[in-house]
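Taking it in order: structure first as structure tokens, then the write-up.
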Number of protein chains: 2
Amino acid sequence: MRDVTGVTSVKRSHISHSFFCQVAEPVLTSQLKPHQEKPNFIIKTPKGTRDLSPQQVLVREKILDLVVSCFKRHGAKGLDTPAFELKDFDIAGQFDPMIPDAECLKIICEILNGLQLGDFHIKVSDRRIMDGMFAVCGVPESKFRAIGSSIDKLDKMSWKEVRHEMVAKKGLAPEVADRIGEYVQCHGGVSLVEQMFQDPRLTQSKQALEGLGDLKLLFEYLTSFGIAEKVSFDLSLARGLDYYTGVIYEAVLLQTPAQARDEPLNVGSVAAGGRYDGLVGMFDPKGHKVPCVGLSIGVERIFYIVEQRMKTSGEKVRTTETQVFVATPQKNFLLERMKLITELWDAGIKAEMLCKNNPKLLTQLHYCENMGIPLVVIIGEQELKEGIIKLRSVASREEVAIKRENLVVEIQKRLSES
Amino acid sequence: MRDVTGVTSVKRSHISHSFFCQVAEPVLTSQLKPHQEKPNFIIKTPKGTRDLSPQQVLVREKILDLVVSCFKRHGAKGLDTPAFELKDFDIAGQFDPMIPDAECLKIICEILNGLQLGDFHIKVSDRRIMDGMFAVCGVPESKFRAIGSSIDKLDKMSWKEVRHEMVAKKGLAPEVADRIGEYVQCHGGVSLVEQMFQDPRLTQSKQALEGLGDLKLLFEYLTSFGIAEKVSFDLSLARGLDYYTGVIYEAVLLQTPAQARDEPLNVGSVAAGGRYDGLVGMFDPKGHKVPCVGLSIGVERIFYIVEQRMKTSGEKVRTTETQVFVATPQKNFLLERMKLITELWDAGIKAEMLCKNNPKLLTQLHYCENMGIPLVVIIGEQELKEGIIKLRSVASREEVAIKRENLVVEIQKRLSES
């Protein structure tokens, strides 16, 4: 499940583990569309998609580029159908625990830092700790998932409300609910993991101990990756327990009180993931368990946040990447503009000119200002005769004369400096 | 109709014309897929899609990147639904003829040159010349499209066969077919355009004269863009006559006799386009005619050609972009490798290491050779004590010692040189 953008990409890096990176789906829903057979594609809008302005498309493209380039920085491999990669393929026991899991958390940090969405933190827990906690607190196994889904609401509801739901609606004994309450209100760093290792009740569960052991190792690795302070062990994290089998994590954006007043966004989870060894194993032809860790980036939510912030700040985004505009003050200079712009295109420079025979110079300069094009090359009779061109900075309005043969080098120099 | 990659992108550059660039659809069919709601996306393969190996995905990605970056070099604007852009929007008469059309041909040349598919040429003609020719040759108007579709087969069938089809199956008078035959077997450069201007029969058609006038202007612009020798006027070009209204064009790959023997590919059209002012006008709420030129790149066919050539040549493609591998000869050095790789990631360098506690050095070096990773950073006890690391070139197997604090700069230098 990946498209040509690398939006959903998969990594089976190294010989030792399988490692999936996935961008959360909503963006794909609205972006990917069936094709039409004939060029009337231009008008037909497939159902269920939405119109995006060029600005919106550009914002999305920039966000996705950042996500994909981070995946590639970590050795991600493009793969159309991950299932394909898993055929004839047995990696059980070949990887060492928690190393790829820690890398997933590092990737999430790099992406959220890169997107400059503001401060964030990542909650981690483990399916085995959650199940172990339920068991030692006295939750009947048949109610594990129902109680898990109540606990998952703790980011939106108070403990009192969640407790009420568990007892009144889901029939949990009040004393069991209170025991759970002692745990799920805890969050902290590696010291909380250590503390739980001393907990006489929780340590009765073998699987909780396994989970705690892995979390301790995870925190050690997070320290080496320099991101331990971004991560907290949070026993209320209960997402995806239907398919995750080990470590789970979820990144949330933090808002300053001022931000919360100015932009009353429902800032929630923007990235999440975990280990799901069992799930993939179910589909393995030989029934092997295939260890997998995965992460999702909530791209649609991130789009929304970025767009809201841009609305608030009035910030504009360029809709093209054009670097240079070719202008003339002269009439009947179209062919000369064409020759000049060909030199730029052939040197890989993004360049435009007006498709008119005799545009006014003011019109051309206004176009550059409107479109945010940084440089203008101006050519006229005089310049042509002297073998020079004028290079104009749109921002400063400064013009310098440059030898025609040095133009490409000079433009490349200016672009690389900016 | 565009997706997040900018695969299908639209340009309404300048104030003066509307300009569509579109990648032909087949690639989208097989690449774009509906999303699934839940993370079992990994296994489910939507119907009608096909499994691609990481190598295939990478080849596709590189080809699409080249196409998209060419569109952007020409000021392309991302747009989700081109229809959106055309709302409130009247550009009739605001552009000067043939300038955007010439730019489309320039874009096709840049893309096909960039893809290094071998020599190619572009056939151009004009719907108005085709219709005018039919009229003056005596084709009844009701048979225009049927005869056009016969002529479109001239790249696969001989004139004799096409003539037979027109006369025996489509009921065209033999003398009318013969008159058509005189035209559709002609192809040449701007001199053929001039020659047709002197043709006593064809010049009886006002619309053929209009088309010839535009082609003459087009060739003038193509000369300024430096691509006139790639383009030939070809009266047998009859593609897309249902929707194109003016200039039409089609790029075909040329094969040397040796190539044709070694790779018996059906090398046909790899890019095409034309002007379709009327089509879009039909959908304009006020019924205005909106001038549009468009081009399609036959990405799926190009994929196929590149893949076939790679099979023949045995050439391999790297499936990751990893630049540096972090290795150690030492046991219990995982945390040091993690700290080192974090420095690389944080500097934007694409880096990997094995996710094992104690991998063998030979295993690590083999991994780099297999994956085509060019550089290895080696760290051990001794290096750690001295504050250095060893930087190894995988190809030459040369190793140099470098101060730890200079590592990132040294790697960036080497990568920029390679």
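Including glycine, each Cβ sits where the backbone N, Cα and C put it.
Annotated features in TrEMBL:
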- A:Asp90, A:Arg239, A:Tyr243, A:Tyr244: L-histidine binding site (BINDING)
- A:101-302: domain 'Class II Histidinyl-tRNA synthetase (HisRS)-like catalytic core' (DOMAIN)
- A:323-414: domain 'Anticodon-binding' (DOMAIN)
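On the structure: features taken from TrEMBL.
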{"residue": "A:Arg239", "record": "L-histidine binding site", "Cβ within 10 Å": "20"}
{"residue": "A:Tyr243", "record": "L-histidine binding site", "Cβ within 10 Å": "17"}
{"residue": "A:Tyr244", "record": "L-histidine binding site", "Cβ within 10 Å": "26"}
Cross-chain proximity of binding-site residues to B (CB under 8 Å), evaluated over A:Arg239, A:Tyr243, A:Tyr244: A:Tyr243
Integer average pLDDT (0 to 100) for the domain 'Anticodon-binding' (A:323-414): 94
For the domain 'Anticodon-binding' (A:323-414), the number of residues DSSP places in helix, strand and coil: 41 helix, 21 strand, 30 coil
